Ligand code: FCB
């Protein structure tokens, strides 16, 4: 096993994480389950998107995915082999409420019931995310996240799900990465529902946050022990820190990537520099009296997904980036860093800085890294997948988490993205993030070298 360790990973000093540190891995329903039309499930916005030619790499879809719906027992066995203490997964809204807002479909909940029992029998703590992007298409047909009602329906989904699983699931997450749902889904159109309307994006942003608050209240009422939300956060640096325009550009992007999601939940208000964007795009009226009190319902844990740092500069005439609606005049120069198979720049110091910043700017909320990982061009050779770059990525980022803890960040755990290769949204099956390799022709699973390496990290509670 240690033979696969690249030289740079074999760091001179040993790092040990705090006692009780939670180790695990994450997935999401649409990315792994398959069984798209089984037991009463209706189409989600990703089923629709993947049927529109050219939207998803090679027109791939989640129809079969990793067939986890049928193979979950084997998959839990793999988790046991890895020694995971926590498994973060999401529930499919269109399984549990096939018409989005109406009656509960017990067969949909049955699947998660079986999965939770299997996990508990293996000594693995389930961590349930209510919404990881698979909105029922029927709700999109009624406006999706631009409609205020969708927020209330998420609250209902929370109530129905905790009523069934709450006796066995302690840790709950309302939303995964509302930045993606709002800004990739409704502004850049890269994600389902694929709309390109900045006003819709800001309406969606607010309704997602309101939905979070309503779901958090329903989870509390249902007896949840830990309530959380997960954001994709990053460090946004100005290219020239001495240039006031570059600093303004960084502040704007930081507002849209980080603070628009953090401030309402943890401070009960939108950042003063972000509110004018709601106004400019005609979404200010969506924020009604009392909404922010709901959104600021106390949480117990903040989930942090981190993949890459951001670098920006001011540039007259720059069109900005559609995924940051309102970012005209902001340019995103090349960072000059090594990149992953997604072309995402690698810099683990960004993770450390994000965690330290959160504990400084939003004190009192424990943190958990709920996703972190990398895609590479993995090759299955016989029974082995050698993925030294992924090991190096994980090792670097785990050192960064440890460094953040030393700098005072209150980090309680780390979940790798992902347990296994899966449907990577618009990239289809073309990008592999897994610790476990999936041969999609046969559904055979093979532990990558990184999986064996990660199992050792977990056993040692360090590296
Ligand atoms: C995150 C998503 C997750 C996966 C990783 C690579 O933004 O939450 O589903 O796609 O990126």
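Just so you know, glycine gets a Cβ as well, placed from its N, Cα and C.
Features reported for this protein in TrEMBL:
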ACT_SITE  177  active site, proton donor
ACT_SITE  371  active site, nucleophile
BINDING   31, 132, 176, 307, 417, 424, 425  substrate binding site
Original post:
Nearest to residue 177 (active site, proton donor) by Cα, among 31, 132, 424 (binding-site residues)?
Top reply: 132
Original post:
Around residue 307 (substrate binding site), which residues of its chain at least 6 apart sit with Cβ under 8 Å of its Cβ?
Top reply: 232, 234, 342, 344, 371, 372, 373, 374
**OP:** Let me know the largest Cα to Cα distance in Å among the substrate-binding residues 31, 132, 176, 307, 417, 424, 425, as an integer.
**Re:** 18
**OP:** Please work out the number of neighbouring Cβ atoms within 10 Å of the Cβ of residue 177 (active site, proton donor), leaving out its own Cβ.
**Re:** 25
Subject >> Assigned element (helix, strand, coil) containing residue 424 (substrate binding site), judged by DSSP >> reply: coil
Original post:
Of these recorded positions, 371, 424, which scores lowest on Cβ atoms within 10 Å?
Top reply: 424
**OP:** Give the sequence-ordered set of same-chain residues, not counting 31, 132, 176, 307, 417, 424, 425, with Cβ within 8 Å of the centre of the Cβ atoms defining the substrate site.
**Re:** 28, 133, 177, 371, 418, 422, 433
Original post:
Taking the Cβ of residue 31 (substrate binding site) as reference, which residues of that chain separated by at least 6 in sequence fall under 8 Å from it?
Top reply: 62, 65, 66, 132, 418, 422, 423, 424, 425
